[in-house]
């Protein structure tokens, strides 16, 4: 046997040994995963994500996936001649855009994720927040530096989540894959930021962890250094000085709210890293940034 193969085998054995206490600790617990970024678009990362999710289920962890679909939505909007516009990280969504959002998220993207997981031996089931009306939504109005209460169309925030549907799937041994579309009081569809849905769902399921996959290493300071632990106070400072802005704002807000409201650990991790989920859950060092719910020192 070549020496490098021996080293590789030894490394694999060490990793398994390191993972064992975490497998024991987290077996039976719920982990909510916000799936987005490059991990959703690069073939190798997509396949790796599906395998990792199946592995989590095999060792007794209950993954619940909430997915985005920004690049796919943008591509479809461009095909029909509509240009995407964002306010404070939220997509402006008129009626025509909402039809496209629902078609892309609930149709193409959701089904592709479900198919990929099932290809690797999982039992994934795709659902939309409109199914059984389990995600109730209300219109989201945005405050900007120029104006308060900006109406950005059929964009919603989570009013309530009935977890019965998701819990039922978990009890049947399935992996729920949730498209972040909610339903209003008149039955109308609302586009909801996937980070918001993931955070609220993690709260309602009393999840052990909330993992948010991104295209960056985590939360960075102005000099580009990774901040591995953050308190709500520190995050407020980073927003005030402009370090955090745009699409990071709803992600950070959801992570903080989940941490404050009982999710045991919330993490922003780099979805470009192969096996990012396993590295965060099953290794001592973990990866990315952890959001603390209290006033602990960061």
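In case you wondered, yes, glycine gets a Cβ from its N, Cα and C as well.
Listed in Swiss-Prot:
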- 69, 70, 91, 191: substrate binding site (BINDING)
- 34: site 'Transition state stabilizer' (SITE)
- 251: site 'Transition state stabilizer' (SITE)
Other C-beta atoms that fall within 10 angstroms of the C-beta of residue 191 (substrate binding site): 26
Three-state secondary structure, residue 251 (site 'Transition state stabilizer') (per DSSP): helix
Cβ neighbours within the same chain of residue 34 (site 'Transition state stabilizer') - under 8 Å, at least six residues apart: 66, 67, 68, 194, 195, 198, 210, 211, 212, 213, 251
Substrate site, defined by 69, 70, 91, 191: further same-chain residues with Cβ within 8 Å of the Cβ centre: 68, 73, 93, 101, 104, 105, 193, 194
Binding-site residues (69, 70), the one with most neighbouring Cβ atoms at 10 Å: 69
Residue 70 (substrate binding site) in three-state DSSP notation: helix
Under 8 Å by Cβ from residue 91 (substrate binding site), counting only residues of that chain that are 6 or more apart: 70, 73, 84, 85, 97, 101, 152, 155, 191
Pairwise C-alpha maximum, in angstrom, for the residues (69, 70, 91, 191) that bind substrate according to the record: 12
